[in-house]
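Contents: one structure, followed by commentary.
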Amino acid sequence: MSRGDMAKPLLGHRGTEGDPSVTPASGRTIGVLGSGDFARSLAIRLVCSGFKVVVGSRNPKRKASLFPSAAEVTFQAEAVKKTDVIFVAVFREHYSTLCDLADVLAGKILVDVSNNTEINHHKESNAEYLASLFPACTVVKGFNVVSAWTLQSGARDGNKQVLICSNNQEAKRTVAEIAQVMGFTPVDMGCLSSACEIENIPLRLLPAWKIPIFLALGLFLCFFTYNLIRQVIHPFIREQKNKLYKIPIEVVNTTLPCVSYVMLSLVYLPGVLAACSQLYYGTKYRRFPDWLDQWLLHRKQIGLLSFFCAALHAVYSLCLPMRRSHRYLLIETAVKQAVEKKMNIWVEEEVWRMEIYISVGIIALGLLSLLAITSLPSIANSLNWREFSFVQSTLGFIALVISTLHTLTYGWSRAFDENQYKFYLPPTYTLTLLVPCTVIIAKVIFSLPCIQHRLLRIRRGWEKGRYVKFVLPSATGEYSSGETSSNV
């Protein structure tokens, strides 16, 4: 990128006149120590937000072309003298090179933006280490969870949060105001001891997805093995037929809808268990077990994985007629019909079954797509709570019911055909019906007026066995107080 391009704002300047919580940026000078990629992106973002930026580098002449022309690139000592807020954009191992500037840095705010290469790589956080080297400075941890790309492109639909911690409230407020002017949302994480946890956040790989992914893989392996036994191993042992060619497409395509269907039911099963717990104990204030709490927190990820498996199942199903094996089977069936002189092989029941099966499946996939889209933060933020609850709860339950119809029309009367029980194992779809049907039956029971009313009272604060005070008029016209149980 040329120096002229660097001078052009990547994001239009955001006015702050109407926001009383944001301090105007004009007139404030911000220092940046470092000349790496993050320092360059940070300088660009600060300039586009209306700040005056002074960059401190050990080689200012060589590094000046990397920064926008609006930013002043000078030696570190000169940069430190011109501002009271300084972003330290250097690696931890290079903090010691700044010790010569200790006297000049005294009394200034140092914003540590560094990260480690491993979780808990050091005993103390980088911010705490920087504070120990410069005890006369106020160190604030922040901006480490924001990537250089986000700084350049702007906080639009991605994560806009900037986690900030420090032992000085005034310094945190100053950095928070800078973050707001830059278009980010500052989040106060407390004192500087929280810096270790903040520095570990960018190093975690999908922490909320670990359990759902292992759950999906476990279900996939179980159903894949089950289908492999029924579709490949059984014909090989009983009929000496080699059907290994079914593994890449047909067996996988039989497994994916099983995983998707069960995962979708697992999204709504914890809600059923939570409702049962509240009805049993008669209160909403009793804590759920940890495993149920974790289950409730992972419902979004489980639902998205369910949609992913359903989408793959749709693509695999469209590819089934393209297989060479499928063409061979069609030709073989046509030859057999010609030899047997069968002119009409139309089976009305099978035609209707497949029409209903495919139609219901398309509707179920459409509803799952709607659930997945509204799970995205940018879409969910545009919905109020009632709209979001209607889509995720009501439409989600309808998607589960339609998926159940899709499964039942697929199975039709196969559950009563003894030829379908290979190695005495029932058809795969009958196993997938267990959890979803349990959820549907429980939801229907909870919708009964007597149970629904009691559950609604509990969720509004009513508790079983709780005594409340009441006041009754006596025969003389005076009022006397007493107690009664809320069960009455």
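Heads up, the Cβ atoms here are built off N, Cα and C, so glycines get one too.
Marked as region 'Disordered' by TrEMBL: 1-25. The feature domain 'Pyrroline-5-carboxylate reductase catalytic N-terminal' is assigned by TrEMBL to 29-116. The transmembrane segment annotation in TrEMBL covers 211-229, 261-281, 302-323, 356-376, 388-409, 429-451. The domain 'Ferric oxidoreductase' annotation in TrEMBL covers 259-401.
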(message) What residues elsewhere in the chain lie close to the transmembrane segment (302-323), defined as a C-beta under 8 angstroms and at least 6 residues from its ends?
(response) 212-213, 215-216, 249-250, 252-253, 256-257, 259-261, 263-264, 266-267, 361, 364-365, 368-369, 371-372, 375, 396
(request) Using DSSP, break the domain 'Pyrroline-5-carboxylate reductase catalytic N-terminal' (29-116) down into helix, strand and coil residues and give each count. (result) 39 helix, 23 strand, 26 coil
(message) Looking only at the recorded stretches 211-229, 261-281, 388-409, which one has the largest tally of CB-CB distances under 8 Å to the transmembrane segment (429-451)?
(response) 261-281
(message) Quick check on the domain 'Ferric oxidoreductase' (259-401): DSSP residue counts for helix, strand, coil, in that order please.
(response) 120 helix, 0 strand, 23 coil
